[in-house]
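Here's the structure, in structure tokens; my notes come after.
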Amino acid sequence: MEPGPALAWLLLLSLLADCLKAAQSRDFTVKDIIYLHPSTTPYPGGFKCFTCEKAADNYECNRWAPDIYCPRETRYCYTQHTMEVTGNSISVTKRCVPLEECLSTGCRDSEHEGHKVCTSCCEGNICNLPLPRNETDATFATTSPINQTNGHPRCMSVIVSCLWLWLGLML
């Protein structure tokens, strides 16, 4: 057999395998996000979140999420996932939020038809890709301390203590 037809079959099978793999995937990957993140931001520390209101599932939410920056007064990406007891999605809501809306993450059973509602928050650019499905996923993930206080008083006390120690050694 000549190498030409065999190579053509190999390429055709490879293309078919890629098409089948793409057709089966109904979720976004981190690789997809690379195309959503431009190199400039409208303000220092600007970030984006997937945003949608009551989408049917995670795919529909992430697929149609507007590609815009979060308002300056927000800092976190919020996700609320309502699902059946079987785990099938009923609705997905994602948005940019301030700290106050992230203080009650976790899962709870809804009194409405036995549904489960899981809520999560995260800090970072487009960090709300996955859905919270259980207590392990329904967390508040932050990359910086929530209680950020001005560190100068502590630094000053350390500096003064070091100066006193140094002066004591010099005398």
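Placed from the backbone N, Cα and C atoms, the Cβ positions cover glycine too.
Here the structure is a predicted model, which means the values were calculated and not measured.
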Disulfide-bonded cysteine for Cys49 as listed in Swiss-Prot, from Cys52, Cys61, Cys77: Cys77
Second cysteine of the disulfide that Swiss-Prot assigns to Cys121, among Cys96, Cys102, Cys107, Cys155: Cys102
Recorded disulfide counterpart of Cys107 (Swiss-Prot; options Cys118, Cys122): Cys118
Secondary structure at Cys52 (disulfide bond), reduced by DSSP to three states: strand
Minimum Cα separation from Cys107 (disulfide bond), reported as the residue among disulfide-bonded residues Cys96, Cys122, Cys127 that achieves it: Cys122
